[in-house]
Structures are given as C-alpha cells and as structure tokens.
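Asks: I'd like to ask some things about the structure below.
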Amino acid sequence: ELPPSEFMQVADSTWLVLSFVSNGREPPGCQATGVTKIARSVIAPLAEHHVSVLMLSTYQTDFVLVRERDLPVVIHTLAGEFDIYKEEGGEFVPVTCNDMSNGFLKPKPPASPTLHPVQSPQTRFCVLTVAPDTLPAIATMLIDVLFYSHSPPWDAAAGSQDLDSITFFSFSLIEGYISIVMDAETQKRFPSDLLLTSSTGELWRMVRIGGQPLGFDECGIVAQIAEPLAAADISAYYISTFNFDHALVPEEGIAEVIQLLQQRQESGR
C-alpha cells in the first residue's frame, strides 16, 4: 500500500516467517532466550545449506525469516529435526518433504563465510513489552522516539555514527504482542508503570555485526555469532535489520562475549 518513493528502498526478495515452539505453543508473555536455543538446530543447518536468514528476537519468542525461493531447501533441511506446519485459512497443516520436492535442488557447499567485524557500543539497552490496551497512553512518545528523536542528518555518511554509543530503537507488533528494545536513557522518557520487563530488570549490551551494510545474499552471518554464544550457553537476542545485524547479551556477560567472538575471528583467519 506504500506509494513508490525515492526515499524508500525495498529488497527484491519476498520473505516467509518461521516460528519455533517446543511441546506446543509457549505461554504468552514468557521471555525468550533468543538465538541461543535454536542456533544448533536451526541456524547452523540452514547456513550449511547456504540459506540466508533474517533473525528477529522479540520479548515473547523468536522468528527466523527465509526467502520464499529457499523454502524447499529449508523444509528438506529442517524436516529431520522438526514437525513442520504451514498456516492455511487460520489452521496449521502438516508439511512433508514430498510436498516441497518439486524444484528442490541440493545446494552446492558454500564457500567459507566472511568473518565480519563486531563492534560493542557502551550503550545499555532494555528489552520490554507493553500491554496492548495501554499502548495509546504512550503513543505520542513512541511516535516521537521512532520518527523525530535522534534523527541523523540526511547527508550524514553511512557508518559515521560514533559507536561509543549507538541510536537503536526496535518496535514490533506481532499477533497482538508488542516487543520493544530501547536504550536505558530513552526508557526514562516513558511512564515506568506501563513498560513491562523481566522480574530481574536486567540491562543488555549490544554487539553490532558488520562494518558496512551486509545485504541479504550472504549466508552464515547469524550462525557465526549464534554458534559460539550457544556453545557457551549465553542468552542473546538477535535482531537483523536492513543494513546490520545486532545481538543483545546480558550486560554482565559482555566481556565474555567479546572474548568469544574475538577468538572466533582469530581462528577464522
């Protein structure tokens, strides 16, 4: 419905959403542990089969987006580990490899993925949710933060942002559930009684992947971050965006995360 505009860039792929649940649907409001819990069983196998993914962790659960044209490869890759269903008319219908075999081509083994640089700004972040019925009470502030605050100049060079701190705000509304990631200073602008977080109220630090926009054709970017964190059993949220990927880890674990990723970089050279 959006009119064409010289200010809007659209990726040429159509993406499908994979949602992962264990032993039935998880109860609403439970806080996810992000890529850690699906790194080995989902992200790594897809990377090995040269499937590019976008990752979206939310307060409630996690989603992996894959390109529509890659769906046959995705089904064949994951069918041995998961029961797979597709949504038709509001109902979930089982999918088998046979259903997706038409046009399936086993991909060639991918070349060694590029090891992208990682940067960790000093900014501290919060992962939050809001009850849908209280959203109108913060709507004006939300619009201001999303569209008017901290806007860089139009002529600012790409990647010129000072990475000692970083401007990052993520708002998602999925199936009625709201998930927000904002820095701790921005959180102070909102009514504290309307923003819900985990009982520990922990803060998160960010690792940003990529020294320049990553694009969508390369595979293995999520895997090269998620796998070492999963091996160390470190909880993480992972948010892919149009230009960069971002992993959020508990603040007290950031030193260990940086060390793990540096070791990964050195071993890959």
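Glycine is treated like the rest: Cβ placed from N, Cα and C.
Feature list, courtesy of TrEMBL:
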DOMAIN    11-78  domain 'CASTOR ACT'
DOMAIN    116-199  domain 'Cytosolic arginine sensor for mTORC1 subunit 1/2 ACT-like'
DOMAIN    201-262  domain 'CASTOR ACT'
Asks: For the domain 'Cytosolic arginine sensor for mTORC1 subunit 1/2 ACT-like' (116-199), what are the DSSP-based totals of helix, strand and coil residues?
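Replies: When I sort the residues of the domain 'Cytosolic arginine sensor for mTORC1 subunit 1/2 ACT-like' (116-199) into the three classes, I find 20 helix, 21 strand, 43 coil.
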Asks: Can you check how the pLDDT averages out over the domain 'CASTOR ACT' (11-78)?
Replies: 80
